[in-house]
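Copied over from Swiss-Prot:
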- G13, G117, S118, Q119, G120, M121, G122, A123, S131, I132: ATP 1 binding site (BINDING)
- G164, D197, G261, S262, H263, G264, R265, G266, G267, S275, V276, S277: ATP 2 binding site (BINDING)
Amino acid sequence: MSAATAKYGILVGVDGSAQSNAAVAWAAREAVMRQLPITLLHIVAPVVVGWPVGQLYANMTEWQKDNAQQVIEQAREALTNSLGESKPPQVHTELVFSNVVPTLIDASQQAWLMVVGSQGMGALGRLLLGSISTALLHHARCPVAIIHSGNGATPDSDAPVLVGIDGSPASEAATALAFDEASRRRVDLVALHAWTDLGMFPVLGMDWREREKREAEVLAERLAGWQEQYPDVRVHRSLVCDKPARWLLEHSEQAQLVVVGSHGRGGFSGMLLGSVSSAVAHSVRIPVIVVRPS
């Protein structure tokens, strides 16, 4: 979905945790940078009881509503504090009483980007947001940004954007977004192509030098069109014969943002980047955007 037609613009799942507030702050800066509306969405799982409880049920429901309003207000405050005098075009808030994961996945169909904290407390403290973010990585219909508390780069950071490239459709979509992010942030782009998931061990019968030459050509071809479209972005290529997740984690220590595809192939056909994206999203300490193919 294009940014212009996305109802929610940048959609942030909020729950009152420190990670949630960090997600709001990051999303707010992204909304200002892109001039997109931002929507703060808090979902409360309905109270489920196995027997009539009368006033107890009513009290619990009322407590949920009061607590939910506090979460929304806290998210608004986090947004305001993160921006200073800057403001996104529009700020919307939504409070929904429903099951958390299905509601977020459904809402993602109308968002340009969904942003969530890496971990936090779900409805009534029963559901870790870590499990929610994992579900979104696999099922959301838009790119998903995973934000860790207190470890994101500062808004004026000159650290590069890091993108993982493997040649899959999801990787191509990730490359497009990574170039755009680097251009808007006015920073360099590091393009990492790790072309095997077997580790740095020789395989009998394979000409590794010839394979490396071919993989370097593939990486150059994948980047050529985007470098023409974004001549302002300086690109650093990194080609390694090793596991993608390992090198993405290592390179992320000098980056401000990591962008990867949701699914693709690893070094060989059939090795899904899905496992790589999940590992990176939950291990890297900087913001990670996981992109689905268009």
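From the backbone N, Cα and C atoms, a Cβ is placed for every residue, glycine too.
Model, not experiment: these values are computed from the prediction.
In the three-state DSSP classification, V276 (ATP 2 binding site) falls within a helix. DSSP assigns G261 (ATP 2 binding site) to a strand. Separation of the C-alpha atoms of V276 (ATP 2 binding site) and S118 (ATP 1 binding site): 16 Å, rounded to the nearest whole number. It is 25 Å from the Cα atom of G13 (ATP 1 binding site) to that of G164 (ATP 2 binding site). If you draw a 10 Å sphere around the CB of G261 (ATP 2 binding site), it holds 30 other CB atoms from the protein chains shown.
Neighbours of G13 (ATP 1 binding site), defined as other CB atoms within 10 A of its CB across all chains, total 30.
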